[in-house]
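All remarks here apply to the structure that follows.
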């Protein structure tokens, strides 16, 4: 027989899983945001950093003390204030000690605290020693003066400061990074003098705009001599919005032809940069670099030497390529997301940030002055009682010695307060007997003057701000230094293309009748004398440079291009173009050339139509090429002819009927593709039936001689001889003399220049 179990839910809180999960996640998020990842605007520190600095001050590890083992500090921090992992705590401490990580280090370390090349190469905490740096006084000097609120530590046995009373806006000076839940912060470091100057400007001119503050704070200042190349207008926009990015670039100089990089961007590893450059060299993407060395040492923390292959290498172009392809140029995110005085995280612009910090600073100074005033007034009150005791010394001593309750009698007899009576009773009789009226009255006068000064300061907002201003200027003189990261206007870095990276050697590209291609070094190549496969032979050749594109034009008028350096060597018989390009079925490759992008060519069909085209328009990006020349029915492509001067050059066209026509090249249109305009008049039906068509074209510079070849016979035409054949573009042309009715080709003889 089963018994029913009655479950009692008395004293048990019932909540839905959704509600509980939501609340738990929210609590965790708030903890990470408020107590771990984001800094406070007052001192610019995260809780772990604040606890390390405070614990070190409590251990007496100020800038004038001896260094103590880091493990001692970490143990104190964990045991008293920060119950988390020791490695994370020590790493936070290391970061504050590294002069290449912090613009103004808070910890002065002794031992191995890491290197710029490898910041995490620091020794274990049992080996290193530390004390606070001189700059930490900015955060700690006013701590015991009633300036900040105190909160219980994690177990309630000790108190710790909720925020440190920073005399300077440390948040901007050292910057910070942090990733919370749903938000992050990235505050770059700044120059102390510049930020202090902006604070003074804001005190003098509360309505100052961000643009006006940027006159004092032009940009971040990292702990490296690398250049900030972000334009000033963009930097101002970052400060106006609280978001953006800052770009840094390495600094180099040329020594005896070698490139020496002597400053790297913030947190960039020299060894990683070396790996990146070496990787490009191994991949043969840096043919202009002969060698690479790392000469960094203790005297020169950064010295990377790049040795160019020759003195003809453009150093600026090479470095621009390296800036674009390696960490020699790096971008840093800026996100001024911080916990304000209201305890809420918010992205602030520069003016909001400085205004709120000044509000914090003025409040801190007011609390410091009030604390001192209270102390002065307490002392004056005690001195009043002490003076009464001195003036009635014998009676006071008699009361103390004879009365059972001397405190009550003293208070009643001399109208003393309880505090005054306690102070007199706590003073030894021997000291009471030694009291001097002049000393008491002298101390009273000094304290009364100080009381008046403090009351004046606390009673006037203007005088309080003036005091804050004076202290800012003094601290800037004491702890400030010159800017380390210059802000320089530089052109945007551009990576060199594969073609630009190739060495510019003279080459000749050879095309065979069957469409095989190869590339020979040099221009003095007997292309027709090269060995060809059985049944194949020489078709065309074009001289150029190895960093150019070879352009191929097929029998359908389509153009294709391939990098010349990628073509097979002429030591063999090459490879078929059809393996790398996809021409239409039945098409054959007719000609090849290596054009410069801005060079001009006349391209035509043997139907007598053509146009002028730029070299860059001959190139095609895809394997299928591009439609370049539209061919009328039955016509073929005539190889392009280079043009030197469009305005001065003449175009000569000859047909199979022995007709020759000359006209100015400028009469032809410049197109990117198409059929073009009529060059010489040939009836369309005669072209289609191949009864008559264009035999050849030639471009004649001024003063050149036109040489006609008909079999073994040649005819040279120059000067007045050519006038007979000049006419309007598109005419039929004039008949050539007997024996030259069938011209094979046109050649141009250019006289030598004086």
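Start at 1 and count along the chain as shown; that gives each residue its number.
Keep in mind that glycine also has a Cβ here, set from the backbone N, Cα and C atoms.
Taken from Swiss-Prot, the feature domain 'Topo IIA-type catalytic' applies to 38-501. Summarising the annotation, Swiss-Prot assigns site 'Interaction with DNA' to 46, 82, 84 and lists sequence analysis as the type of evidence. The site 'Transition state stabilizer' annotation in Swiss-Prot covers 126 and rests on sequence analysis. Residues annotated as active site, O-(5'-phospho-DNA)-tyrosine intermediate in Swiss-Prot, with sequence analysis given as evidence: 127.
Feature annotations (Swiss-Prot) mapped to structure.
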| residue | record | CB count, 10 Å |
| --- | --- | --- |
| 46 | site 'Interaction with DNA' | 20 |
| 82 | site 'Interaction with DNA' | 23 |
| 84 | site 'Interaction with DNA' | 16 |
| 126 | site 'Transition state stabilizer' | 10 |
| 127 | active site, O-(5'-phospho-DNA)-tyrosine intermediate | 13 |
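Confidence for the domain 'Topo IIA-type catalytic' (38-501), expressed as mean pLDDT, is 93. On a Cα basis, residue 46 (site 'Interaction with DNA') lies 24 Å away from residue 126 (site 'Transition state stabilizer').
Cα to Cα, residue 46 (site 'Interaction with DNA') and residue 84 (site 'Interaction with DNA') are separated by 14 Å. Between the alpha carbons (Cα) of residue 82 (site 'Interaction with DNA') and residue 127 (active site, O-(5'-phospho-DNA)-tyrosine intermediate) lies a span of roughly 22 Å. Between the CA atoms of residue 127 (active site, O-(5'-phospho-DNA)-tyrosine intermediate) and residue 84 (site 'Interaction with DNA') there is a gap of 21 Å.
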